[in-house]
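Now, the feature entries from Swiss-Prot:
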SITE      GLU84  site 'Reversibly protonated during proton transport'
TRANSMEM  35-55  transmembrane segment
TRANSMEM  81-101  transmembrane segment
Amino acid sequence: MLHTAFISNILANYLGAMSVILPNILTVTGDIKYIGAGLASVGILGTGVGQGLIGQGACLAIGRNPEMASKVTSTMIVSAGISESGAIYSLVIAILLIFVV
């Protein structure tokens, strides 16, 4: 008997607290999606660094061997496209978080 009253009291207090907390959590989730979109945009930093290193390597390679400029340039463009895909994925995720969720 004592345990039943104790547990029902705890359950009533828990539900009372949740009825106060849940509306606040639901209003905060609207703001959390912007934080998530910002964190998803962090992937763009790696893309910028990667493309910078690709450009640097291509310039150094063309400077050392100018005859291979066309091959180096085509390889650089393909590598930059592959590197850019990470930024595009980050952008898509950020847009989905802002407008869909």
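A Cβ is built for glycine as well, from the same backbone N, Cα and C atoms used for every other residue.
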Legend entry - Per DSSP, three-state class assigned to GLU84 (site 'Reversibly protonated during proton transport'): helix
Inset, instruction - Would you mind listing, in sequence order, the residues at least six apart from GLU84 (site 'Reversibly protonated during proton transport') in the same chain with a Cβ closer than 8 Å to its Cβ? - result: THR47, GLN51
